[in-house]
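Trainee: Handing you this structure, nothing more for now.
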């Protein structure tokens with residue numbers, strides 16, 4: 001065997017393995033591992049690939065429903081939408097690389113999630129993202145926003161998939177660890193889904209796509225450790241993406257799938273060739289022999305260690321039907337991509353890697369994954385925070401000035417500056433563009449549409465992880481409902497700090513319990529996801545951020561609702577109960593200067609009952625516009641509806657039973673705003689009363705201003721100018 005470094009405790013630690021984990025390796029293989037084997041174990045046993053801190057808790061998630069074709073465990077989740085069609089989708093993080101090298105980190109995050117989708121045999125039709133940045137005044141924030149947004153747009157636009165929605169937030173807790181969560185959605189034939197499990201002995205294992213370089217080595221390990229002041233030095237571990245190569249890879253993969261060449265397929269993502277080969281073999285209960293001399297490389301003198309751990313982008317591994325090998329090769333050559341037989345399946349259940357005639361690794365394949373450490377880490381529940389009583393909160397300004405301030409804050413202002421850099425209409429199927437509750441994308445040339453959203457409220461999750469987890473799912477369910485969609489399933493991206501700290505693990509466990517309970521109550525299963533831990537720098541963790549990506553179905557996309565008021569003279573109805581909950585509200589934080597209190601409680605039965613009623617109104621054509629209530633509460637939602645349409649509203653005063661600023665800006669859950677024609681208002685209100693659904697008329701659309709009885713009014717154009725100005729001004733250098 002070639003000269004390799006001697007295995008020392010320092011080398012083991014540098015690979016992110018704890019002493020007890022290394023002892024486990026020694027016991028498992030009965031000898032000291034080679035350097036290449038140490039790298040393989042480091043890749044397969046890190047947090048990013050093994051889920052060793054989270055797996056025990058993830059098992060409790062509801063993952064089944066009659067429409068679920070494939071739940072967690074594959075490259076992406078798959079749901080049946082009827083007519084022989086399936087939706088394939090997943091969300092993943094690229095947090096650590098995006099902080100170090102924002103443009104490349106974001107591009108490869110998009111590229112990786114697109115590969116997860118088309119690996120399953122689906123053509124990508126939409127992307128979304130959830131972005132969390134540090135405080136605007138932090139010296140790195142502008143640079144990170146600029147790089148990440150350019151990277152997402154650069155990759156998606158070049159690849160040719162629309163970016164149709166997302167979330168962006170700013171908070172000082174993300175100063176040292178931004179979050180870049182990318183979601184991709186694709187369409188496939190329900191009976192032509194491709195999986196990762198290899199089958200058959202002595203089947204050719206084929207390397208496809210771009211050449212292997214030294215970029216991304218230990219990328220997965222970097223994503224499994226917290227940052228410190230030396231993190232900038234990790235720039236070489238950030239992968240480099242090429243969207244044009246990925247587009248060629250997509251077309252070549254779909255073509256050989258259509259030609260019935262494929263037994264199994266796995267994209268080379270985290271841990272590259274190592275993870276893809278091990279997963280294919282282990283899932284098929286087979287061994288894998290690899291000959292690295294056959295791997296196409298773009299750099300000279302690459303070692304076995306480097307080739308096995310490279311995370312170069314735009315690469316796939318396939319097990320092909322032997323009789324189809326020549327046909328498959330011709331297809332890939334036509335698209336100008338590398339095609340190389342790099343190994344074979346074996347009955348040995350061992351993972352054997354050869355290079356230059358030497359055996360560089362010989363390991364039990366199933367144990368690489370199945371025997372990874374599994375931790376039930378100590379966790380403590382977050383302390384309960386006191387309920388903030390609205391009558392004890394002094395209003396620092398009048399209602400309309402408070403609204404003007406809120407809509408120009410970093411979290412509530414328009415994100416047009418971001419989404420206008422994304423091509424959100426390419427492919428020609430985008431029905432509802434960014435800026436509303438959920439994006440709506442047409443399903444091919446038929447009448448169906450998909451409702452797509454990404455949601456989470458991290459400040460709620462910090463204050464009460466259980467309620468915050470429930471609320472993230474409930475808001476995704478509401479956003480899909482508000483456009484007329486029937487919520488079908490979610491993908492989650494669970495972003496947390498260091499799980500070795502009991503309080504952080506407590507946040508994770510609490511959020512997961514809330515997510516599980518909400519998914520069960522709303523019949524909204526989890527079909528795919530990703531866990532990103534160690535999101536902290538120098539011991540300062542991010543806010544717990546379990547991003548929820550939701551997918552819903554519209555049988556007729558023309559019967560969707562938008563947030564824009566449709567006409568003047570229509571009745572504005574508030575559906576759901578309003579108590580004026582100010583705890584953890586944006587108003588309390590950004591107007592009153594208090595980030596405190598318990599978040600609003602989530603009533604899942606009310607969410608289901610009220611959401612079903614609103615969806616029925618949209619389908620019946622009764623509702624002319626609809627909007628769910630979330631950040632900023634009632635008046636911010638009304639302002640958004642007015643700004644989207646250019647039509648004002650005349651609003652009744654707050655009821656005497658609720659403090660005015662709590663009524664207008666409280667963030668009670670399970671609420672919607674709906675407009676109906678004046679001729680329908682009485683009938684709808686009577687029907688709601690009969691059904692026991694809280695529903696109140698709060699005003700009438702019309703005019704050019706938002707006017708509250710007994711308060712000042714403000715022109716909609718004035719609001720829109722403030723709403724649209726903050727982000728472009730900030731990115732242009734304004735304080």
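Backbone N, Cα and C atoms are what each Cβ position is placed from, and that goes for glycine too.
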Trainee: Suppose a student reads Swiss-Prot and sees 51, 492, 529 listed for ATP. Which of 90, 415, 448, 608 should they find annotated at that same site?
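Mentor: The candidate from 90, 415, 448, 608 that Swiss-Prot ties to ATP along with 51, 492, 529 is 90.
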Trainee: Quick check on the annotation: Swiss-Prot has 93, 94, 95, 96, 239, 311, 312, 313, 532 binding substrate, so which of 115, 333, 520 does it put in that site too?
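Mentor: Candidate in the recorded substrate site: 115.
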Trainee: What's the CA-CA gap between residue 93 (substrate binding site) and residue 116 (Mg(2+) 2 binding site) in angstrom, rounded?
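Mentor: Checking the Cα atoms of residue 93 (substrate binding site) and residue 116 (Mg(2+) 2 binding site) gives a distance of 13 Å.
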Trainee: Of all the Cα pairs drawn from 51, 90, 492, 529, the residues the record ties to ATP, which distance is largest, in Å?
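Mentor: Answer in Å: the longest Cα-Cα distance is 17.
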Trainee: Fewest other C-beta atoms within 10 angstroms of its own C-beta: which of the binding-site residues 92, 116, 311, 492 fits that?
Mentor: 92
Trainee: Measuring Cα to Cα, how far is residue 51 (ATP binding site) from residue 530 (Mg(2+) 1 binding site) in Å?
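Mentor: On Cα coordinates alone, these residues lie 9 Å apart.
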Trainee: Restricting the comparison to the recorded positions 48, 94, 530, which residue's C-alpha is spatially nearest the C-alpha of residue 313 (substrate binding site)?
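Mentor: Looking at Cα distances from residue 313 (substrate binding site), the smallest one goes to 94.
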Trainee: Max Cα distance spanning 93, 94, 95, 96, 115, 239, 311, 312, 313, 532 (substrate binders), Å?
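Mentor: Across 93, 94, 95, 96, 115, 239, 311, 312, 313, 532, the two farthest Cα atoms sit 20 Å apart.
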